[in-house]
Amino acid sequence: MKFLRPRHVSMATLRNSFDRRSMVVGGIQGGIGVLLASRLGYLAIAQNEKYKLDSESNRVNLSLIPPRRGWILDRHGSPLASNRADFRVDVIPDRMTDEAQTIGELSKLLRLTPVDIQDLKDKLEKSHGFAPVEVASGLDWDRFAAVSVRLPDLPGVVTQRGFSRFYPTGPSVGHLVGYVGAASAEEYEKEKDPLLVTPGYKVGKDGLEKIYEKELRGYPGARRVEVTAGGRVVRDLETREDVPGKPIKLTIDGPLQDYASRRIGLESGAVVAMDCQTGDVLAMASMPSYDPNSFSDGIGRIEWKMLADDDHVPLRNKVLRGLYPPGSTVKPMVALSFLEAGLDPHESVFCGGGLRVGNRVFHCWQRRGHGMVDMAKGIYQSCDVYFYHFAQRIGMDPIAAMARRLGLGQEFQLPVVGQSYGTVPDPAWKKRKYDRDWAIYDTVNATIGQGYFLVNPLQQAVMASRIASGRKLLPRLLHSDHPPQAASLGISQEHLDIVHKAMSDVVNGPGTAHRAALPMKDILLAGKTGTAQVVGLNVGNGKGGLWKHRDHGHFICFAPADKPRYAVAVVVEHGGGSGAAYPIARDVMTYLFDPTKAVEVLHDYEKQWGGTAQQRLDAKYRAYSAAYASGAPAAPSDERVQAADQAPSPNQPILNDAQTPPPEPVALPPSPPNTATPAPAINIAPPPGAD
Amino acid sequence: MSRSIVPETIARQPWQVLIPLAMLVALGAAVLYSAAGGHLQPYALNHVLRFCFFLLAAVILSRVPRDVFKLAAYPIYAGILMLLVLVELLGAVGGGSQRWLNLGFMTLQPSELMKPGIVLVLARFYDTLPASITASWRGLVPAGALIGLPAVLVMIQPDLGTALAISFSGVVTMFLAGLPLWWFLSAVGAATVVAPIAFFTLLHDYQRNRVLVFLDPESDPLGTGYHITQSKIAIGSGGFFGKGFGNGSQSHLDYLPESHTDFVFATMSEEWGMLGGLFVLTVFAILLSWGLRVARNSTDRFSSLLAAGMAATIFFYVAINLMMVMGLAPVVGIPLPFMSHGGSSMMTNMICVGTIMAVSRWQRRPTGLS
């Protein structure tokens, strides 16, 4: 191999080679110089536009200013939900370098309790990195400033002055208005709006806040700032103001809503008040409730423990989701169907305390019997035998038709997250549902609002308002200055007058609820009591014993009796009978005519109950914090909380045996506080289908 | 300016190079001033003072006779090698890697000294090597050992950039010394085979990562690719005339990492634009062509190799740094001569300049001819 043999190399050839090779080296150096110059030209000239843009987007940070949420107003224009100026601190998990250290520092600066820290850790665990997690809001200036000045040492921490949602009456509007919270990952995935992951921005999670999210949201403002790579703001460049969301004006009367909610007191119940001329819903209260103010930063462990422990189901909106056998409150409705079917209101039947139907005896609540009973007495004395007797003659179909005409079993066009509309049973329904023929005892049960009959409190209020007005009123939540005129139901005025008189006699005459009379001489209340059995008499008598076994109390009413203006329906779950319901109805109705008088009564009660609903909730929170500290189980995700919220009524037992309706009680004193031990739930029958 | 009134010592200096060089250092100082947010401290003033000090040192160095250079070549090389070992030992004792020695008044990186050192020792080696055996193994193996020893020591510090710089200077000197061309070609061929293997075995994770990210900077825009991306943004957004002195948002808002050291060219380009960049390239072209010219004009082998090797050392710094900041090479920690803030880099490069000045001086006063 020729080139492996060393060539002859002399000093001269080396010199020669150096000259040539140094030329090559110089050439290569020059070549690389030209390459660098052209690369420079390419970057600085050809790509200049692109890199200018990149440099600007580095330098300028566009931060969104969350829009102020539209207010939710009552019919007088006072806020049920407003915004208040707020100092807040959030963390963005992705940007934190040392999570434990940052949280430790923050809890010192913000003076967080162990419960707060535990809740924060729970939230961080569930968070999705890019989405901000609220550490604290509603801070005073000192604590806010303490964090703000240390921001350079706290990567991932964001301080902000902004607005937070404020519900002045707290728990009173919980179920009606709903609450707001940070957008979940699913919500962000759906909308892809960067606003949703802007610190401090909240979306409606329930109720009206959720339904009217689009209207309430508004448009975000924007702030262009010059920032360093580390995120420190150097200076403001430009600011565009946000456009606040539109206000929503409701038909709700704010003070009445608050009054009704508080008047329910320690009971688990619902109150609906309606305007008999327009169908406006004036109050829609479900208690116990939650405080929407404290939900907006997420549901903490203590809050969840309180909700989970409460057998009164604070998360359920009982007005729309609670289904109850209506009991005797259906009797005016049944009477109207009798009248339309041609029954002479003066035709009487003898009540000896019971009626044999087939081979069973159906008892009247009044075991001693009512003697001769006509329609008026059947209503004001709530005589069951009268209805057992004539219902068999008239048949179920006209009764069911009248029930639907008056709103029972109906779903209404309302801006709510869900309604359970219950059951108005009739032969066709039973055939469809159970594939069994309608039996005579089904009619007998239905006619006193038991058996398969299930309604929600809103339907009962609609029924009361339709009986009162004779018009096909539709409940409305959105206020308008020109409410639509409701059409007539086509029920003769003569029939209505008969029923109105009898309902007035319930309260003002020889009826079952004379203590429901209004404390005003000139305004008469007309109403109807109802007591619905929950368990058979073999389990309990419905009056005492386990809370879960007590009868539901109902009352529907309207006033003034001669010229109906307002209608109210009250349900008290396991209240032990209608005696728990009508004092509430009376006071709510009193409030509509004379607020001062009504409030005095409430204040006396609240002294016994241990404060307003808000105060009791706060006290309970403190007690739970002390008892469990951070040891309570973690709250589930938003979605699960909402699912709990929307669950329909738990198993309402259907009592199809021959029944002895519970006695219509005389007015009872306000029920004592429930015992602390929760009653175990007992399922007697499978849940009825809500169809 | 007539010769009569200017002292000969001053007139004799290579002003056609030193003046552009001083302008480059001044531009560097201006950029450092801006990078410090409009302050002389901590970078700009030091930069100028260091330049003045090392320029003086270079002038003194240029007066050293060729024989002294020749005599001192091996002892200097051995001394630096000892220092490298010492650093390695101190690092092992102190725990973790260490690259410098604290001399009290300054920190010294022996690996920096080795860059001109390797050129010096190789120039001396080939100077003494009989021409007839230059193309044999005896011309290759000792030189390879002279390069390999310090390169490996620096590599395990670990300092890939400097190890490469030492190897590059050495190999260029060998190339110029007239070793057979096919050796270099087969070395390149071997390298293409060995490089992938070395890439997966010898390199540290962070070094490997840098190379990977260089190949696809967008794969990691917030990690290692961030450097390259931000540097390109700085250079590209400057345009032809730049954003103006003190208006570089990339450096001032900390988007550009190492804006005063390795990425000083990007800082400069953002504010001075392509015009500033071309000026920098021109000054380096003047400097390097001067170095090569001095080498070619030298009549003796030692001087030629010495000057050309020194020029190659400076060239390596410039080329790798500029290719890195413009996204043509992976991120290796190599500063830009005469512009980046840093004493060691200034010292090394001024030693190179001083040595070329010395060679240039020997030509005019061929007294040291042996």
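Glycine is no exception: its Cβ is also placed from the backbone N, Cα and C atoms.
Caution: TrEMBL annotation is automatic and unverified by curators.
Lifted from TrEMBL, the feature list:
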- B:15-36: transmembrane segment (TRANSMEM)
- B:48-65: transmembrane segment (TRANSMEM)
- B:71-93: transmembrane segment (TRANSMEM)
- B:139-156: transmembrane segment (TRANSMEM)
- B:163-185: transmembrane segment (TRANSMEM)
- B:272-292: transmembrane segment (TRANSMEM)
- B:304-326: transmembrane segment (TRANSMEM)
- B:338-359: transmembrane segment (TRANSMEM)
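Listed as Cβ neighbours of the transmembrane segment (B:15-36) (distance under 8 Å, sequence separation of 6 or more from its ends, same chain) are residues 42-45, 47-48, 51, 55, 245-246, 248, 251-252, 259-260, 264, 267-268, 271-272, 276, 279-280, 282-284, 286-287, 290, 338-341, 353. Long-range Cβ contacts of the transmembrane segment (B:304-326) within its own chain (Cβ-Cβ under 8 Å, at least 6 residues beyond either end) map to 69, 115-116, 118-120, 122-123, 126-127, 161, 164-165, 168-169, 172-173, 176-177, 228, 231-232, 235, 262-263, 265-266, 281, 284, 287-288, 291-292, 294-296, 298, 332, 334-337, 340, 345, 348-349, 352-353, 355-356, 359-360. For the transmembrane segment (B:71-93), the partner stretch with the highest count of Cβ pairs under 8 angstroms, out of B:48-65, B:139-156, B:163-185, B:272-292, B:338-359, is B:139-156.
For the transmembrane segment (B:338-359), the partner stretch with the highest count of Cβ pairs under 8 angstroms, out of B:48-65, B:139-156, B:163-185, is B:48-65.
The list of residues near the transmembrane segment (B:139-156) in space but at least 6 beyond its ends in sequence, with Cβ under 8 angstroms from a Cβ of it, reads 77, 80-81, 84-85, 88, 111, 114, 117-118, 121-122, 125-126, 129, 133, 162-163, 166-167, 170-171, 174, 177, 179, 183, 202. Within the chain carrying the transmembrane segment (B:48-65), a Cβ under 8 angstroms from the stretch's Cβ atoms is held by residues 13, 18, 22, 25-26, 29, 338, 343, 346-347, 350-351, 353-355, 357-358, 360-362, 367-368, all 6 or more beyond its ends.
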